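Student: Below: one structure in structure tokens.
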Amino acid sequence: MGSTIIGTGSYLPEKILTNADLEKMVDTSDEWIVTRTGIKERRICSENMSSSDLGVEAAKKAILDAGISADEIEMIICATITSDMPFPSTACIIQSKLGLDNIACFDISSACSGFIYGLELARSFTNNGCYRKILVIAAECMSRVTDYTDRSTCVLLGDGAAAAIVSHSGDTDGIIDSYLGSSGKYGNLLYIPAGGSKLPASHETVSNHLHFMKMEGSAVFKIAVNAMSSAIKKIFERNNIHAEDISLLIPHQANIRIIQGVARSMGVPMEKVFVNIEKYGNMSAASVGVALDEAVKAGRIHKGDLVCMVSFGAGLTWASNLIRWNKDD
Ligand code: UT7
């Protein structure tokens, strides 16, 4: 009895927003952005697209990669903090756009940790065979909640989506274990103040830029390094794994200095760490999913490899997992 990833996909919008573009919008520089974050450019979705559109494109690629028919999917879990609208769920919208009907669909809100949370949910549902195939999606239009007058956040964020098909399997390889954590007391370090039941949209919330993401960057930075390192340690200890057993570490792509700090504290050399932050910036839940898909397609993951994914985000939330990759190259 087990659960395994049988296909992955990702979708990045075509439009590129470079550091040079941002230099014209806010008081920043390419040099500051690259040295403080590692980001060179990010993708921005077109006006007529929303998170579900990005998610659908990623899902179609994952379905193709898995070699299954869309009809075989029994559940859609969508991780997003930029849902198309408050309700219905983006998962239901994606279901309809994929032409599927009468299956379980719901969203999860775990910010940047959402893809790993989603994979763990899918593992729980498929492990005992109750569900055979689940589509996990992370889709984010972070540009829609970015204040392009706030230089401390607008240089960081980008749009994108990732998907994975999680399947019930007969062997114990695949998604071996996950560790999920959160600490709500830090919620005010990273949030969108308005647009929910506490502070509904009004002229005032719009004019005060309260529908955009706010972040206490340096406080979040310190907690991120500790929380991700501790999430990796916990999952290693629980499974009697050591840093040298890992073929690839796939961390959330929020800041290259956070990634380097986590790798250093875990004793994992940077050659074994997947980094694509320079191309996309922070895409919230989509970051680790896109990284997983790119790592597979770039030949950085082979059958039998032990992969560790780790993430961290608003909530605050954090998550790690261990995957013994068992899909043929
Ligand atoms: O995905 C969820 C998790 N998110 C994260 O993990 C993000 C965590 N935080 C970070 O990555 C970093 O804290 C930032 C990249 C957001 C900021 O880097 P930092 O090294 O922590 O900078 P800082 O906030 O301490 O600011 C240093 C200086 C400030 O100027 P003063 O006060 O020293 O004069 C800022 O005003 O850098 C200034 N600054 C900028 N300068 C040029 C902040 N943003 C910019 C900018 N361009 N874009």
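Here the Cβ of each residue, glycine as well, is placed from N, Cα and C on the backbone.
Not measured: the values here are computed from a predicted model.
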Student: Looking at the ranges 13-17, 158-162, 198-202, 253-257, which is given as region 'ACP-binding' in TrEMBL?
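Tutor: Of the candidate stretches, TrEMBL labels 253-257 as region 'ACP-binding'.
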Student: Sorry to bug you, but what's the C-alpha spacing from C112 (active site) to N282 (active site), rounded to the closest Å?
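Tutor: About 9 Å separates the two Cα atoms.
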Student: Taking helix as H, G and I and strand as E and B in DSSP, count the residues of the region 'ACP-binding' (253-257) in helix, strand and coil.
Tutor: 2 helix, 0 strand, 3 coil
Student: Using Cα coordinates, what distance in whole Å links H252 (active site) and C112 (active site)?
Tutor: 7
